[in-house]
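Pulled from TrEMBL, these are the features on record:
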- Gly80, Gly81, His82, Asp100, Phe130, Asp149, Gln156: S-adenosyl-L-methionine binding site (BINDING)
- 7-20: compositional bias 'Basic residues' (COMPBIAS)
- 21-30: compositional bias 'Basic and acidic residues' (COMPBIAS)
- 1-30: region 'Disordered' (REGION)
Amino acid sequence: MENQDKPHKRRVRYKGTHPKKYSEKYKEHDPNKYSDTVARVILKGSTPAGMHISICVKEILEFLQIKPGQTGLDATLGYGGHSLEMLKCLNHTGHLYALDVDPIELPRTRDRLEKQGYGPEILTIKQLNFLEVDKVASEAGLFDFVLADLGVSSMQIDNPKRGFSYKKEGPLDLRLNPKKGISASERLRNISEAELEGMLIENSDEPYAAKIAKAIIIENKKGKYISTTTHLQQIIKSALKFIPENEREEAVKKSCQRSFQALRIDVNEEFEVLYEFLEKLPSSLKSGGRVAILSFHSGEDRLVKKSFKRLFKEGIYSEVASEIIRPSKEECNINTRARSTKMRWAIKA
Ligand SMILES: C[S@@+](CC[C@H](N)C(=O)[O-])C[C@H]1O[C@@H](n2cnc3c(N)ncnc32)[C@H](O)[C@@H]1O
C-alpha cells in the first residue's frame, strides 16, 4: 500500500549498452545488491565506481601482527578496506580508531562498517587530519599499531565533482575536504608564474613546468581563469604543442597526471601534514608499537624514509624497513592503482 503513494523513481539512463559515466554505474554503486557485477569489474582489473580496493593488505597484516585486545589507528580510513581487515584481527576485543579528512566519503564508510557489525564499541571514526595523531593518542592511549595509506581513494578520483582527474569534466577543486581551504582553481587564480613553476617541479618533478606555468599565467592575464579539469588539460595540451606529434599524446597525459598531483599536494598541504605526522608518530606509539606507511610518489616516500632513518639512528625506533616493500605482480595485475605503491615500516623502541 505504502508504495502506491511514492512516485516511481526511474534510474538514470545511459546511451549504448554499458554505462560509461560515474553517475550511471548504478550497479557498481550498490555492491551489496549487485555483487556479481562488482566482482566482474574487479576481475577485469578495474575498480568499481564508488569503491576502493585496498593495497598490500597481506603485507600490512603480516607486519602489524595485530592481536585481540590491542588498540590501533587507521590514519586514512578511505573506503575502510584496511580498517575492516584490522578489525577482523582484533576479533571484537580492543579498539580501532580511524581518521579521514573527507566529509563526503567518511559517513558512507562509517555506515558500511556499522552494517558489517563494527560500531562505536570497537571502532571510533573521526573526521580529523592525521597530523592530530597526538590528540587522538591522548584520548585513546598509546597505539599498538598505526597504518597510513597516503593520498586519495578511488572514490575521490572517480567522482567528477571532486576534480581529481583530468580525464573527467568537473570543477578544478582537488581538496580532500572541500569545506576547508581553497580549491585548486582559486589557487591558480592568484599564483605567480615563478611560484607555479616551483610547485610543479617540487611536488611532481614536472619537466615542462616552465612552459605549463607560462601558459596558465597567460590565460589568467586574459581573464580566462581556469575553473574546470578539462580547461586545465587543454592549457597543458596547448603548452606542449612543441613536442613532436608522435610523442605528444603520451607526454600530455603524463604532464596532466603530474600537474594534477602537484596541485593536489599543494592545496591539501600534503608534504607539511605528512612531515608533522611523522614527527608526532613515535610519541603516539607504545614501546614495540608498529607503524606501516603506504606512499604513492617519490616526494612522499622520501619524507617517510628520511624520518624513519633519522629516528632509528636516534634510537627512537628499534627497527625500520631497510628496503621498500612493493605489492606483488599478481596484485598489480588485478589493481593497476597498486603499481606505484611503496610500503615502509618502523617499530618503536
Ligand atoms: C588511499 S585512501 C585510503 C584507503 C583505505 N586504506 C582503504 O582501504 O579503503 C587515502 C585516504 O586518506 C585520506 N587522507 C589523506 N590525507 C589525510 C590526512 N592528512 N588526514 C586524514 N585523512 C587523510 C583521504 O581522504 C583518503 O580517503
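Here the Cβ of each residue, glycine as well, is placed from N, Cα and C on the backbone.
TrEMBL labels come from automatic prediction, so no person has curated them.
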Pairwise CA distances across Gly80, Gly81, His82, Asp100, Phe130, Asp149, Gln156 (listed as binding S-adenosyl-L-methionine) top out, in Å, at 18
For Asp100 (S-adenosyl-L-methionine binding site), the three-state class that DSSP assigns: strand
According to DSSP, Gly80 (S-adenosyl-L-methionine binding site) sits in coil
Across all the protein chains here, work out how many other Cβ atoms are within 10 Å of the Cβ of His82 (S-adenosyl-L-methionine binding site). 26
I'd like the Cβ neighbour count for Asp100 (S-adenosyl-L-methionine binding site), meaning other Cβ atoms within 10 Å of its Cβ, all protein chains included. 27
According to DSSP, does Gln156 (S-adenosyl-L-methionine binding site) fall in a helix, a strand, or coil? helix
